[in-house]
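Novice: What follows is a single structure, and I will ask about it in a moment.
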Amino acid sequence: MSSNLTEEQIAEFKEAFALFDKDNNGSISSSELATVMRSLGLSPSEAEVNDLMNEIDVDGNHQIEFSEFLALMSRQLKSNDSEQELLEAFKVFDKNGDGLISAAELKHVLTSIGEKLTDAEVDDMLREVSDGSGEINIQQFAALLSK
């Protein structure tokens, strides 16, 4: 699972992990997960940490082994890369370069990335994130798709 990580990244993660592995038993408590992630530049919410914990604590011991942590970080970095790719795609479809996508542009973007959404679904998405202008900015779009 961690095959997309460089040796440098693995070493950085191991160092951060070791700082919180106080008794050197190869694991950290679930309550320390958020602190470790923040030390690596991520900013997970409490709910996200709980969700992640439920997913990665595969043996259910409320401890996170380094292998579980590496799998998590690999996935988190991949997610961040996907968000960056999404932002780049957004910019491509922002025809006039004003940082906004209209409903028509959004429909085109969603069709281009393989989504098969109806007009009503796109309208619902716009209503959820728009300030009422019928357009959304890059940050609103990324936030919408990361929910």
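Placement of Cβ uses the backbone N, Cα and C atoms for every residue, glycine included.
Predicted, not measured: the structure shown is a model, and the values here were computed from it.
These came from Swiss-Prot, pasted as-is:
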type: DOMAIN; residues: 8-43; note: domain 'EF-hand 1'
type: BINDING; residues: Asp21, Asp23, Asn25, Ser27, Glu32; note: Ca(2+) 1 binding site
type: DOMAIN; residues: 44-79; note: domain 'EF-hand 2'
type: BINDING; residues: Asp57, Asp59, Asn61, Gln63, Glu68; note: Ca(2+) 2 binding site
type: DOMAIN; residues: 81-116; note: domain 'EF-hand 3'
type: MOD_RES; residues: Ser82; note: phosphoserine
type: BINDING; residues: Asp94, Asn96, Asp98, Glu105; note: Ca(2+) 3 binding site
type: MOD_RES; residues: Ser102; note: phosphoserine
type: DOMAIN; residues: 117-147; note: domain 'EF-hand 4'
Novice: To test your reading of the Ca(2+) 3 site: which residues beyond Asp94, Asn96, Asp98, Glu105, same chain only, put their Cβ within 8 Å of the Cβ centroid of those residues?
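Specialist: Here the non-site neighbours turn out to be Phe93, Lys95, Gly97, Gly99, Leu100, Ile101, Ser102.
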Novice: Which entry in the list of binding-site residues, Asp21, Asp57, Asp59, Glu68, Glu105, has its Cβ near the fewest other Cβ atoms, using 10 Å as the limit?
Specialist: Asp59
Novice: Whose Cβ lies within 8 Å of the mean position of the Cβ atoms of Asp57, Asp59, Asn61, Gln63, Glu68, the Ca(2+) 2 site, other than those residues?
Specialist: Ser27, Ile56, Val58, Gly60, His62, Ile64, Glu65
Novice: Kindly state the mean pLDDT of the domain 'EF-hand 3' (81-116) in the predicted structure.
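Specialist: That region's mean pLDDT is 72.
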Novice: If you count other Cβ atoms within 10 Å of each one's Cβ, which of the binding-site residues Asn25, Ser27, Asn61, Gln63, Asn96 has the most?
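Specialist: Selected residue: Ser27.
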Novice: Enter the number of other CB atoms within 10 angstroms of the CB of Ser102 (phosphoserine).
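Specialist: Total other Cβ atoms inside 10 Å, all chains included: 17.
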Novice: From the Cα of Glu105 (Ca(2+) 3 binding site) across to the Cα of Asp21 (Ca(2+) 1 binding site), what is the distance in angstrom?
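Specialist: The separation of the Cα atoms works out to 49 Å.
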Novice: With every protein chain in view, how many other Cβ atoms are within 10 Å of the Cβ of Asp98 (Ca(2+) 3 binding site)?
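Specialist: The answer is 10 other Cβ atoms.
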Novice: Can you tell which of the binding-site residues (Asp23, Glu32) has the fewest other C-beta atoms within 10 angstroms of its C-beta?
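Specialist: Comparing Cβ neighbour counts within 10 Å for the binding-site residues Asp23, Glu32 gives Asp23.
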Novice: Could you count the residues of the domain 'EF-hand 2' (44-79) that DSSP puts in helix, in strand and in coil?
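Specialist: Across the domain 'EF-hand 2' (44-79), DSSP assigns the residues as follows: 25 helix, 3 strand, 8 coil.
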Novice: Nearest of the binding-site residues to Asp94 (Ca(2+) 3 binding site) by CA-CA distance, picking from Asn25, Asp57, Asp59?
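Specialist: If we rank Asn25, Asp57, Asp59 by Cα distance to Asp94 (Ca(2+) 3 binding site), first place goes to Asp57.
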Novice: If you take the centroid of the Cβ atoms of Asp21, Asp23, Asn25, Ser27, Glu32, the listed Ca(2+) 1 site, which other residues of that chain have their Cβ within 8 Å of it?
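Specialist: Neighbours within 8 Å of the Cβ centroid, excluding Asp21, Asp23, Asn25, Ser27, Glu32: Phe20, Lys22, Asn24, Gly26, Ile28, Ser29, Gln63.
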